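**Q** What Swiss-Prot shows for this protein is this:
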BINDING   16, 158, 189  substrate binding site
BINDING   58, 80, 82, 83, 88, 106, 135, 160  S-adenosyl-L-methionine binding site
BINDING   158, 184, 185  divalent metal cation binding site
């Protein structure tokens, strides 16, 4: 019989891995992710697993990937749209220098406050500027101000899929040339290759066309170069060229 810990991990496998083999994904987690996961991220991951909406969280392997990516590009000024309890936010904050900054936006502050004590205990809360509410009005104001153009090293989007294209139209001006925008869930439970009559969950079917539209638009955007990776539920990295 599986232990509660094993059951929780396999639940993560079912929701967040696109690998055909659960055993292979479990091997990745057990071999290279969990043993190197910072204690604060482990604590927040386990706390989030008890939340009824835990399917919304970033997977542990994707958190590890984001943390390393931010270190590789020496990111200092970042943005995150869609925070939930803050697992990916914590991965980002831990990767930034002490004077690094994250503009974090989410419509639900209550979820963020669930993970905030862990973030505070990790000593990185001072890097985060959290704003509650829709992100689009904030982005529009930043663009209108003018001083934020090309100011962000990295932007991570894990929010309302039906607005991803609207985000992209604005974020391309806010990320610096050579900077990266990461869009999460771009393989959307694998539904991007599902036949029209496939039995999909209602929310998966609803957002599927928005994800497909985004993927098509990103592939055709000459202002960026892209790389779509099967990490977590799929993440597309967009490096701004001009």
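In case you wondered, yes, glycine gets a Cβ from its N, Cα and C as well.
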**Q** Which whole-number value in Å describes the distance between the Cα atoms of residue 135 (S-adenosyl-L-methionine binding site) and residue 185 (divalent metal cation binding site)?
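**A** Pair distance, Cα basis, whole Å: 18 Å.
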**Q** Can you figure out which of 158, 184, 185, 189 (the binding-site residues) comes closest in space to residue 80 (S-adenosyl-L-methionine binding site), comparing Cα atoms?
**A** 158
**Q** DSSP secondary structure for residue 106 (S-adenosyl-L-methionine binding site), reduced to helix/strand/coil, please.
**A** strand
**Q** Relative to the Cα of residue 185 (divalent metal cation binding site), which of the binding-site residues 88, 106, 158 have a Cα no more than 10 Å away?
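**A** Of everything listed, what lies within 10 Å of residue 185 (divalent metal cation binding site) (Cα to Cα) is 158.
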**Q** According to DSSP, which of helix, strand or coil covers residue 88 (S-adenosyl-L-methionine binding site)?
**A** helix
**Q** In Å, rounded, how far does the Cα of residue 88 (S-adenosyl-L-methionine binding site) sit from the Cα of residue 158 (substrate binding site)?
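**A** That comes out at 9 Å between the alpha carbons.
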**Q** With an 8 Å cut-off on Cβ distance to the 158, 184, 185 Cβ center, who else from the chain surrounds the divalent metal cation site?
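**A** Checked against the 8 Å cutoff, the neighbours are 58, 82, 157, 159, 183, 186, 232, 233, 235.
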**Q** So which one is it: of the binding-site residues 160, 184, which has the fewest other Cβ atoms within 10 Å?
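**A** Least crowded of the binding-site residues 160, 184, by Cβ count within 10 Å, is 160.
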**Q** Which one is closest to residue 82 (S-adenosyl-L-methionine binding site) in space, judged by CA to CA distance, out of the binding-site residues 158, 184, 189?
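**A** Of the binding-site residues 158, 184, 189, 158 has its Cα closest to that of residue 82 (S-adenosyl-L-methionine binding site).
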**Q** Of all the binding-site residues given, 58, 189, which has the fewest Cβ neighbours within 10 Å once its own Cβ is left out?
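**A** Minimum Cβ neighbour count within 10 Å, taken over the binding-site residues 58, 189, occurs at 189.
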